[in-house]
Amino acid sequence: MIGKRVTSSMRWLVLAQMLGQGGAVLASLVVIRILEPTDYGLMAMAAVVLGLILLLNEMGLGSALIQQASLSRVELERVFGLLLVVNLGLALALIGAAPAIAVFFDEPRVTPLIQVMALRLPLMALLVVPRSMLRRDMLFRRKAMVDLAGILSGSAATLVLALMGYGVWSIVVGILIGGVVEVIGTYIASPVRVWPAFSIRGMGQQCRFGGFVTLDRILWYSYSQADVVVLGRFLGPELLGVYSVAKRLASMPLDRLGGIVNEVGFSAYSSAHRDGLSVPEYYCKAARLASFFTFPLFFGMAAIAPEAIPVVLGEKWSPAVLPFQLLALVMPLRQLNVINTPALMGIGRPDVNVVNLLIALVIMVPAFLIGVQWGVIGVCLAWVIAYPVYFAIMLWRSLAVLQVSARSYLGAILPSALTAAVMVGCVEVSRRLLDDWLIQPVLLLAALAVVGFLGYLAAAGLLNRPQCREILSVLRR
């Protein structure tokens with residue numbers, strides 16, 4: 001039963017993400033061509049601070065509502081009331097702290113950006129309870145439609161404002177407009193609507209679980225965004241802009257797929273755990289499916305980047321090619337790490353993930369501080385060298401708790417990794433052969449993309465046939 005609901009949920013979320021993110025990606029590519037690296041550097045400085053505060057705004061209570069076995073209306077009202085108070089306080093604090101944050105980055109233009117973006121906090125507080133109920137009841141079809149509306153409206157607003165010459169403010173206003181649309185749509189779609197009750201009596205269970213979830217998110221954000229803080233502090237907005245665009249492009253599939261995996265995965269693992277079903281079986285299947293798509297996607301992006309970035313974004317973004325390639329190589333491991341979080345949360349062990357993230361913080365932050373001595377490329381190399389070390393440690397700890405053998409896990413991911421490596425080899429050989437023909441860049445890009453796609457299909461048919469059959473069976477359901 002859960003398996004069918006997970007498949008249906010994934011289908012709707014993937015469909016909405018394909019439509020919404022397809023439009024958003026096209027709009028983003030046009031906006032990147034219009035704006036300058038400095039605009040993205042300023043946005044990265046403001047967003048890294050707001051992103052951390054946004055992790056606090058939910059207090060992990062949304063996840064607690066999904067994981068808890070039974071809920072009363074009174075509990076929902078109290079959660080709503082607490083979130084409203086906390087988020088209004090956080091918004092006021094962020095507005096007041098904006099000048100000090102600008103001093104840290106030595107960039108006064110960041111102050112008004114942060115102050116306006118603080119308006120997202122009250123909007124997010126309105127979302128938590130109704131959105132959590134959609135996820136708890138696995139009503140992902142409704143949620144997918146809301147997400148689609150929010151993504152498209154925000155992207156359209158950003159594009160129009162960028163064309164009108166508003167620079168970095170086009171991104172800020174687009175985010176706020178998308179947030180307003182998402183709030184309205186979520187309240188229409190949600191099966192539960194409650195008024196806030198300003199009392200915390202009887203909320204001990206939710207607050208304990210939510211505390212672990214919040215700590216988990218803060219630690220994850222701290223290590224995953226430490227590179228932006230380090231680059232912004234030491235190298236300034238222009239170089240940070242080049243890096244942030246490279247990272248954004250490389251992370252785009254991770255952000256979209258990761259959101260789907262977390263939403264459906266956490267709900268599914270929680271249901272499986274409550275019903276006494278096999279969590280290890282679901283976990284290995286998730287790893288197989290994720291690796292089948294992520295290894296070829298990210299490796300393929302890295303392989304064609306020298307042609308794709310100048311053609312799609314323009315020559316001014318050519319310095320982002322090598323950073324993009326390096327970051328894309330490590331993204332499959334980051335995607336596989338995303339699978340871990342909902343599994344550990346779903347079985348009620350957020351503490352394991354918290355320790356994993358503490359380890360990541362200890363490994364990654366010093367790596368970024370060392371890498372920045374060699375500029376943007378040094379920070380990218382920090383990801384490539386240090387992250388696999390953390391991933392191995394995290395995997396060793398998590399598999400033991402999830403009762404999954406290392407052999408089963410490696411058997412799930414290695415065939416796809418090997419197949420993707422063969423695909424990269426096909427692209428590189430083709431590039432060397434076609435370079436002598438002096439083909440136009442657009443045609444060369446198209447040819448390499450086709451070669452990579454066909455090469456992966458052929459290699460998958462030869463080296464990864466069982467997973468191909470599994471993918472086809474899932475798509476037919």
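Each residue, glycine too, has its Cβ placed from N, Cα and C.
Taken from TrEMBL, the feature transmembrane segment covers 12-34, 40-58, 79-105, 117-134, 146-165, 171-189, 286-305, 317-333, 354-370, 376-396, 408-430, 442-463.
Tertiary neighbourhood of the transmembrane segment (40-58): same-chain residues 32, 83, 86-87, 90, 94, 101, 105, 107, 109-110, 113-114, 117-118, 120-121, 124-125, 128, 168, 171-172, 210, 214, 217-218, 221-222, 225, 228-229, 232, 236-241, 244-245, 248, selected by CB-CB distance under 8 Å and a gap of 6+ residues from either end. Sequence-distant contacts of the transmembrane segment (317-333) (same chain, at least 6 residues past either end, Cβ-Cβ under 8 Å): 32, 37, 242-243, 245-247, 249-251, 253-254, 291, 294-295, 298-299, 301-302, 305-306, 309-310, 376-377, 380-381, 383-384, 387-388, 391, 417, 420. As a quick check, the transmembrane segment (171-189) and the transmembrane segment (117-134) clear the bar of 3 or more Cβ pairs under 8 A, pairs 6 or more apart, so the two touch. Distant neighbours of the transmembrane segment (117-134): 46-47, 50, 53-54, 57-58, 61-63, 65-66, 76, 79-80, 83-84, 86-88, 90-91, 94-95, 98, 140, 142-143, 172, 175-176, 179-180, 182-183, 186-187, 189-194; these residues of the same chain sit at least 6 beyond its ends, with a Cβ under 8 Å from one of its Cβ atoms. Listed as Cβ neighbours of the transmembrane segment (286-305) (distance under 8 Å, sequence separation of 6 or more from its ends, same chain) are residues 249-250, 253-254, 257, 261, 265, 321, 324-325, 328-329, 331-332, 335-336, 338-339, 343, 409, 412-413, 415-417, 419-421, 423-424, 427-428, 445, 448-449, 452-453, 456, 460, 464, 467, 470-471, 474. Non-local neighbours of the transmembrane segment (376-396) in the same chain are 227, 230-231, 235, 239, 242-243, 246, 319, 322-323, 326-327, 329-330, 333-334, 336-337, 340, 356, 359-360, 363-364, 367-368, 370, 406, 409; each lies 6+ residues outside the stretch with a CB under 8 Å from one of its CB atoms.
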